[in-house]
């Protein structure tokens, strides 16, 4: 009642025990029941009026002496807490209720109680132990996750790494509580998270020891199907890097009696049943086993089979574990022989021979089998089973024994053999688990029995409870120590807490003259018995020790008051079990066995007995590291140690080990005795809670300050209790002021450095104040809302009354208006009736007048029309005749003018020709002509230009005439059509008029007959109308039925067609999705294989480095833990790349491929090909040398003559180059004009495009002719210079020529000038003729075009005339068809012209390539000729001045092979991504590498290509291995690798990749090598880099995800902070250094900006962002599923807000369509699930339809974890969760709870061509690549 007293002293009981306060009252069935006070408690009351939860009213009497009030119940908000110490009221009913709620309602089996983990056995397989759960708990703080055995294991592992201190995990509990499973999962956790350093897979061996120990040490009991019948302590050893290196096992107190006896519904050890179940297999036939029910040692429990367990498969697992631990097949079969021999020994039947002797019948089948299996003689064994030796001082006697003693001796021998076998197996398991590596630290896992009390308790229960007393003492001291450290750390005044000390009980058992001493002393007495020992106990302790009692009704029992309960022990068999005797003669027979394994068992027992180990009656604690024992020769004495003494020594050593470690406690609770899943028995639970120390922990916590809050958490939680003036900037001072006002007694709280400490009950009081404040606020809100609702209701009624009044008055007004309207209507009807009569009479008169007027006017109109028609025809005839006369006159004038012009021009030309001939004969003129040759050429050019202008003017005049003619023709055509329309209208009106007159006469005649027939028709019509109405009604009925049937059929057809359409569409969608899924799975499988391959390569490299270097890497912890659990030093990779330049062998290592054998074959073949190539090259060079030497003599003679020819060829080359450029420019203009102004009439004659084409063609032709003529002129000059040079060479003195050039004879000069003038005249005449021919051709073409235009015009007129005769619809269709035909023909003509031009251009390009190749060869020859001795260097030559072109780069970089290592070093290994990304173009290294590759391809050097690609790939791998954790480096090389891959595709020459290239880029395609295979290799490399990038991003994001997405309160004040226990969680309040959502967004933005700077492809960036968001969503959801405190309504709002911020980030970056938002769908649905209503079936249906991205396990988990933060919220009922499970039962999905955070989406690299031209790329000097040469 300590907590209760604390609560009462804190405040008056009347303040707490008020009406509706809830309390706990004792109950016989449920231990504690909840009740509610119906009246307030007053001081002095002797009873309380209570009402139970079922409505029953009871009166609770108070003890008049103690006046202890019942326990108060905690607020509902605290129920279901992860830590029991977080409860405000700490007492037994609160603990029991909290465990029950978590276990039954939330299906949570783990709960913290301070430093204890309480584990309740669910008796059901739960999916909470997979590798995903292990990964989720790895590296987390204990308080940050929900309670779990993995959290305790992680805490132990973390403290071992951080504090350098050994750890222990103590797992205790009753049989069937789950101790073994808990210990197994703890070891599995260590094996998973730590790994191993050797190839022996020690962690697998540690786990493999479990099935072996379970087979030989576990059995089925009434409480547990797999109960451990021994205690064990496993030390798992770790090295300096905290990896598992080995293990060692100690065992305690094996239950040997189970070998020979089992109670009902129990079994012997599992291994016996496994052997019997496998006896039918051939390898076990020699064991001679059969069904387990045929052996005495396995049939006593009458339950040989465990439901759901296959003993045959279990034996296979056991054998596999033996094999893994190094125990071979022969030893396994030997062990099975010994076990089978034990079973046969139990079936040996011993019969009475007389009262003092016994006998075994001869030829006993089972004894024979036993002797054969263990290798002893039948006679010896049968002899010593029925006899024993008695030794005296002088003689030895053989004495018979009675049957009962013989049977007991047989059973003792069986137990002894099994104990030896157990010890041997434990020893060999330890040998297999130990390694030669020095152990740095260890974690011990103690799996030991809990406190036991049965109806009959014997020696085993005494030892077990003794061990639990020692453990409880150690536990109490540890808890006390932790509390003291906490108070001292917070500088809280320390007061001694009174807690139960069980040292007196321990002294009673183990002290001098204690129970064990007296038991050992009695065992040494010759005639000692259990009765005499009991009397000694009574005499020694009954009066001196209060913890020892004697039962009233028995003299052979005693009672000890343990810490958990009083236990009565029966003294029967205590001495025999403590002695554990066995017949030594039987043992000697076994030692003499021929079976080696049996001899080894007993020899080991003699040689390796530990001074603290178990002897022949214990579980054989075997430890290989035991120090040598002094006095080994006294082994005979050691063998005489009793079981109790050995157990005490083992326990002392165990306590010494535990005290030297940091303990962690796991208490396993058995919820019921019937093994029912999730069934809670309060009685059994309370019994175990009292026994396992949980309540003692609660009591110690309650004695001090159990509730602890940080100042920030207290301020956030109880801000509602503060006024605005109380809130100060200093949170600590604010909390102090508020607490002084709220709690008057200052002893009930203490202020620490960082926390506020509260006594028990104070938090509940504060919660009550907070709830009252919130309740008052709620009432005020309700009051206001209700007022608002009532006012709305009043206003609505008032509005309704006004509306009724308005409608009533309106009705009356409408009645009055209706009367007035009827009166007015009657008057109006009369008026209008009179008016109609008068109007009828008037209209008859008017109609007659109109008929007369119509006839008269029609006659006058016809006369006028005839006269107008005649005048129009006369005018047309006159116009045509006058036009024809004018044209005739114009033609005659034009012909006369043209003829006069021709005559005049002919006369002028003759005069000019005569003048020119005279001038030609003149020498002076010839000189002038020679001097002004260029001027005349320019004049001729000017004349040509003038003629072109004249031609252009003529052409423009023709075009204008054509335009005017077209316009005139259109105008005439329109006039004709108008007149024809008028004529047709007139004709139609005349015809209509005559027809109307005839009809009028006919109508007059018919009118009379019609009037006569009218009556008869009316009569007939009446009768017919009646009949037709009947018929119509029948037809309507039939039509209605038919219409209905038709509609039904149509609807059915539509529904069926819609269903078929939907089915087809659904099937197509499903098939598409399946194909996409299969593709993604295949891609993911391939990329996973790449990842595994990369890991294998890294392992291979690591092993290679380890073998090459004797220096080992620095020790460190392999995990990256944020809580100081990682001591692993970062592995620094200091690579000196200069070492690669030491020799060619190192270079080959850098560029070595992946497959060694394939590489060797290729290298060998390559070497052969190189040798053949070199030999052929040598032969070719020899022949070329011979040929060159033969030609050298001839070349010397012709070099001088070749000079002029070479110059001529160079000139010709220059001309062709310029011509080619001009043609290209013209072609570009043509294409632009055609493409830019493409339209329906773009290619028609006279269109702009057509004119541009014509002008370009004409100018090209003229320019070509001019260039040809210039070439001829230059050729003539070169010929003359050549002759002059030839004349100079014939002179004897070369220097004389320069002086005598001006002294030539006049005759020679005149002759030479005359010849030149003659040639010039000839050229000019030829030029004039050519221009004339061109002009004539052009005129003819224009005339032809004009004729075509006229024909087209005539054809259009004909078509127009035809179309006018057609109806409007046909007219439009015909015009469209005609227009389509015309455009098609024009387009075909243009296409033909373009094809011709393309063919011409291709031909010119080919010729240009040939000429450029020849010119290159000639240039090389000319260089050689210039440096030859025969060339006259100093001779002045007059070359023609020709401008040089700028060098045209081809987008290649040339380097020498010896510079390849330098290239890789400077461009890859030593490149800093930050500088390149900021200062240079993105992807520059990729472009440079590709340009180098292009040059290697250009020179056709396959070796260079191969080495460059291989060294590039290996160097990228090397730099990623060196700086793989740097995001910028990985992102930079991912971008460059992808760009390099795209360049290989873009310039591969494949048409699929060349669609977006420019013409220049297509010229840069690779020409000699197909690098498709290397593209695949580089694509694989890009995948590996992408995976490395994702891993790097995950490592950076991982620490901030949970804090930013879950713990940090983005919306302040929405979620309140709940009280926490001893294991504090990470605060959700943002302190300095904590991560927030902004941290995540900033990191994402940093990632995005870095990738953008590096030029990452947008599609690839989308995939990266999608993976980032998947990691965020998966980690957040996994932590949500493992944290009960995060599953609340307010947290769901926080998550949805955070997700909206992430979506806003996506929207800002333009990445909404990348699929990232869809990856957050499970998290969004989980947040929605926290916020929706969870009560009715409609809510369940809505949840099932909403949470499609969550699995059933996840939905149920969230509902189970849902925890109200405020008492106004409600928990989810169990029935609602079952409803959800029922509705989701048909879902086909994975049972996995957590999302796979390591999953990486398969990546693709869509082709992204670059628009950057390679020839424009400049290599910056900062890259140190000056050895590269642009080509």
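These residue numbers are counts, starting from 1, taken along the chain as shown.
Quick reminder: no glycine exception, Cβ is built from N, Cα and C everywhere.
Annotated features in TrEMBL:
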- 18-70: domain 'Myosin N-terminal SH3-like' (DOMAIN)
- 79-771: domain 'Myosin motor' (DOMAIN)
- 173, 174, 175, 176, 177, 178, 179, 180: ATP binding site (BINDING)
- 609-640: region 'Disordered' (REGION)
- 630-640: compositional bias 'Basic and acidic residues' (COMPBIAS)
- 651-673: region 'Actin-binding' (REGION)
- 1106-1149: region 'Disordered' (REGION)
- 1125-1137: compositional bias 'Low complexity' (COMPBIAS)
- 1510-1786: domain 'Dilute' (DOMAIN)
Remote residues contacting the region 'Actin-binding' (651-673) - C-beta distance under 8 A, at least 6 residues beyond either end: 99, 103, 113, 115-123, 149, 152, 155-156, 159, 163, 165-179, 182, 186, 222-224, 233, 250, 252, 444, 446, 450, 466-467, 470-471, 474-475, 478, 612, 679-681, 684-685, 688-689, 692-694
Chain-internal residues, separated by at least six, CB under 8 A from residue 177 (ATP binding site): 119, 121, 224, 450, 668, 669, 670, 688
Other CB atoms, at most 10 A from the CB of residue 176 (ATP binding site): 21
Greatest C-beta neighbour count within 10 angstroms, which of the binding-site residues 175, 179, 180: 179
Which same-chain residues, if any, lie at least 6 apart from residue 173 (ATP binding site) yet have Cβ under 8 Å of it: 119, 179, 450, 667, 668, 669, 670, 688, 692
Spatial neighbours of residue 178 (ATP binding site) that are distant in sequence (at least 6 apart) but have CB under 8 A: 119, 121, 668, 670
Residues within 8 Å of the 173, 174, 175, 176, 177, 178, 179, 180 Cβ centre (excluding the ATP site residues themselves): 121, 223, 224, 227, 228, 450, 668, 670
Surrounding CB atoms that lie within 10 Å of the CB of residue 174 (ATP binding site), all protein chains: 25
Mean of the pLDDT scores, which run from 0 to 100, over the domain 'Myosin N-terminal SH3-like' (18-70): 86
Helix, strand and coil residues within the region 'Actin-binding' (651-673) as assigned by DSSP: 9 helix, 8 strand, 6 coil
Helix, strand and coil residues within the domain 'Myosin N-terminal SH3-like' (18-70) as assigned by DSSP: 0 helix, 24 strand, 29 coil
